[in-house]
Amino acid sequence: MTNNHEYTIALAGNPNTGKSTLFNVLTGLRQHTGNWPGKTVVHAEGFFTYKDEQYRIIDLPGTYSLYSNSADEEVARDFIIFAKPDVTLVVLDATALERNLNLALQVLEMTDRVIVCLNLMDEAKKKGIIIDIAKLSKKLGVPVVPISARNKEGIDELLETIARMVHGEIQTKPTKISYSRTIEEKIAKLLPLVKEVIGDEYPARWIALRLLDGDTSLLHALQSQPHHLLKGGAHYGCHCSAKSI
Amino acid sequence: MDATVPPNPFDELLKEAQHLSGDDTREQIVSAIFQTSQAICKETVTYTKQEKLHETEKLDRIFTSKIWGFPIMLAMLAVVIYITIAGANVPSSLLAEFFGWLEGYITLAFEKMHAPEWLYGILVLGLYRGTTWVVSVMLPPMAIFFPIFALLENYGYLPRVAFNMDRLFKKSGAHGKQSLTMAMGFGCNAAAIMSTRIIESPRERMLAILTNNFVPCNGRWPTLILLASLFMAAGYTGGWKTLMTASVVVAMVVFGIVVTLTVSWVLSKTALRGVPTHYTLELPPYRRPKIWDTIVRSTLDKSVYVLKRAVTVAAPAGVLTWVLANIHIGDTTVLAYIAHLLDPFARQLGLDGYILMAFILGLPANEIVLPILLMGYLSTGALTEVDGLRSLKQIFIDHGWTWLTALNMMLFSLLHYPCGTTLINIYKETKSKKWTFVAFALPTGIAIAVTFTTAHIAQWLRFI
Amino acid sequence: MTQVKLERLCDAQPGERFRITKINIEGTMKRRLLDLGFVPGCEVTVLQKSPLGDPTAYRVSHTTIALRNEESSNIYGERIRDDKQS
Ligand SMILES: Nc1nc2c(ncn2[C@@H]2O[C@H](COP(=O)(O)OP(=O)(O)OP(=O)(O)O)[C@@H](O)[C@H]2O)c(=O)[nH]1
Ligand SMILES: [Mg+2]
């Protein structure tokens with residue numbers, strides 16, 4: 001594209017965590033929301049400007065994981081891996097953090113440009129759930145922003161964090177999950193081959209892990225990426241960054 | 001372009017991975033992730049109000065209890081419909097009055113400009129009346145129904161409905177989440193077709209698609225309500241009348257659900273054979289909706305929607321009907337001619353030629369079926385200013401209506417083919433002409449069969 | 001370690017807690033269950049049955065998930081029988 005740089009932001013998260021609500025707050029659009037998992041079935045795209053810069057934001061369908069169990073999950077996964085959004089916002093339900101963190105941890109294995117959005121903070125407060133944000137952020141190695149999308153609380157801080165991240169002002173150090181010894185050994189064995197075949201355009205450790213899990217659909221997706229010329233190196237993304245083409 | 005690439009390295013990679021991976025790899029991976037998140041949570045989250053944590057569960061013990069689960073569901077439906085009927089009456093007649101008043105001035109303006117008769121006919125008697133009729137009949141009930149429905153949805157009640165009803169759907173071979181897609185159908189069948197995407201298995205998704213129009217959508221609610229209040233609750237007044245009307249409409253909805261289950265059951269034994277796939281259903285915590293926001297927003301959304309439909313569908317339909325009613329072949333109009341042709345068949349269904357024709361011309365949208373019918377009934381082919389419900393009823397009675405005609409029209413409306421937009425969506429989602437045709441023919445067949453049966457049973461009983 | 005005889009999750013009664021040891025399901029459903037927190041070693045609480053007897057709602061990692069009998073009868077583990085639960 002031309003000088004009109006536009007950043008891409010993806011909204012990922014479990015179903016019913018308020019992604020569409022946040023999407024509406026940020027874009028001023030009116031995606032339907034409802035208190036049941038699976039409300040959003042078509043992924044929506046919207047735009048907003050913050051400090052004179054253009055952002056494109058994508059409301060991905062809510063998923064419980066990013067492993068290939070269903071079409072939805074593949075859509076979300078492929079978007080994060082192939083479209084390489086400038087920031088992936090992982091929206092978590094603060095009242096069920098334990099389950100929700102799984103998805104965040106999965107995203108952290110895929111990319112380091114992640115901001116964790118702790119939504120439904122008002123509900124958490126009502127239920128007497130207290131979360132140590134600073135500690136959580138340190139543990140995860142990425143920024144954590146508490147918000148309440150429906151009450152439009154914490155949005156400013158979120159926007160500021162997004163802006164700083166797209167400008168490279170935030171160094172992240174995503175936590176790495178350590179797996180059992182057998183799995184780690186297998187990863188180590190597979191890793192060189194993955195790097196050789198896929199190149200370093202994609203997170204090799206994550207791909208090795210997915211392959212060990214028998215996820216063939218990922219490999220097919222990788223293979224059918226039209227630009228993918230086994231050598232790797234060249235940086236292509238689906239987003240209109242100044243770098244591409 | 002990969003002519004130069006030696007034996008596909010992807011395949012080799014895949015082979016190597018398969019060689020390495022074991023049976024319980026997934027379990028180990030997920031366990032590790034879970035342990036990590038548990039460990040993180042242990043250090044960062046503290047629970048200070050144990051008693052608050054399980055509030056939802058306490059409510060669920062009532063909302064999904066063995067004794068109260070179903071009665072509450074039915075009561076909720078009844079209350080929503082009752083409020084809709086009770087609340088829509090006044091605004092509906094106010095709107096109708098307002099449009100009538102406005103029409104007087106428009107007529108004056110046309111006279112001032114010496115506009116030709118046909119232009120006045122098309123624009124005012126056709127377009128204006130058709131559109132305003134849809135607006136005044138459709139807008140108030142829908143602007144009341146949907147905010148209430150949105151409140152329930154945002155509160156988190158819908159998944160409980162799915163939880164309660166699951167067994168029934170399983171028994172009929174359908175997916176438990178079909179109740180969610182049906183709930184979406186209350187709003188609009190076309191949108192509900194999209195929402196069937198939450199059902200993964202193609203077989204069960206097809207079942208959900210094929211049966212979705214058995215729940216009345218926003219274009220059919222007002223028809224059901226109007227006919228029920230005119231003919232089914234005739235002997236009552238005031239609150240009792242509303243209650244009676246509401247009961248009839250609730251009975252219609254329940255009947256639609258019964259048909260859905262039966263059709264699903266038959267289909268899963270025949271054309272769409274198979275066993276229901278497994279699924280999990282999350283019951284999110286009840287959350288108090290932002291009441292005011294939700295109401296304002298869904299009222300606005302729904303109003304815009306109804307107005308848009310009125311302009312895009314009702315307006316052209318009004319014009320078309322007026323034209324058909326004013327082109328003469330011999331001594332009858334085209335409209336009367338068609339109605340006459342359809343009449344013998346329609347009589348078998350307890351309807352008449354005009355009603356059937358209205359349904360046929362109403363294919364693009366269910367909203368316009370009643371307006372077209374009224375235009376047809378009135379010899380000039382234009383909607384009269386129907387001042388108040390009583391004269392409306394008189395028009396029907398003048399054309400030989402009984403409670404049976406009303407009942408059969410309600411049944412036909414509930415069961416017949418989905419509207420044009422829905423059919424288009426079905427085609428888009430299934431990408432199959434065959435299934436789209438089935439989605440059209442199957443409900444139509446059922447509508448014909450059911451109305452035929454009721455008509456004949458009623459006749460037969462009267463003979464005795 | 002004492003060898004406990006494994007019980008099925010579907011046999012646990014509302015109000016009881018249950019620790020999962022094994023999931024005897026294959027394919028996508030197993031993956032889904034794992035994602036939802038039905039992970040060996042984890043604890044679930046039986047909440048209640050649907051009015052028609054099936055499915056049953058379970059509390060697992062602070063969320064409520066309903067499972068049909070087909071699934072819960074293939075999840076094995078042990079019932080935790082200390083009756084003084086919160
Ligand atoms: N109390 C409270 N409720 C919220 C908040 N954010 C969202 N909600 C509610 O949570 C429910 C789910 O919100 P959605 O935006 O539809 O969730 P989603 O993540 O898009 O869900 P899916 O489309 O199913 O993946 C809705 O009823 C919202 O009104 C919040 O900050 N506080
Ligand atoms: Mg959504």
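Note that Cβ sites are derived from N, Cα and C of the backbone, with glycine treated the same way.
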Of B:93-110, B:219-236, the range TrEMBL labels transmembrane segment: B:219-236
Sequence-remote partners of the transmembrane segment (B:133-158) [C-beta within less than 8 Å, at least six residues beyond its ends]: 63, 76, 80-81, 83-85, 87-89, 91-93, 95-96, 99, 179-180, 183, 186-187, 218-219, 221-222, 225-226, 283-291, 294-295, 297-299, 301-303, 306-307, 309-310, 314, 367-368, 370-371, 374, 383, 386
Structural state census, the domain 'Nucleoside transporter/FeoB GTPase Gate' (B:136-228) (DSSP three-state): 75 helix, 0 strand, 18 coil
Remote residues contacting the transmembrane segment (B:179-199) - C-beta distance under 8 A, at least 6 residues beyond either end: 146, 149, 153, 158-159, 161-162, 165-166, 169, 205, 208-209, 212-213, 215-218, 257, 260, 305, 418-419, 421-422, 424-426, 429
Remote residues contacting the transmembrane segment (B:219-236) - C-beta distance under 8 A, at least 6 residues beyond either end: 81, 84-85, 88, 137-138, 141-142, 145, 242-245, 248-249, 252, 309, 365-367, 369-370, 389, 392-393, 396, 401-403, 405-407, 409-410, 413-414, 419
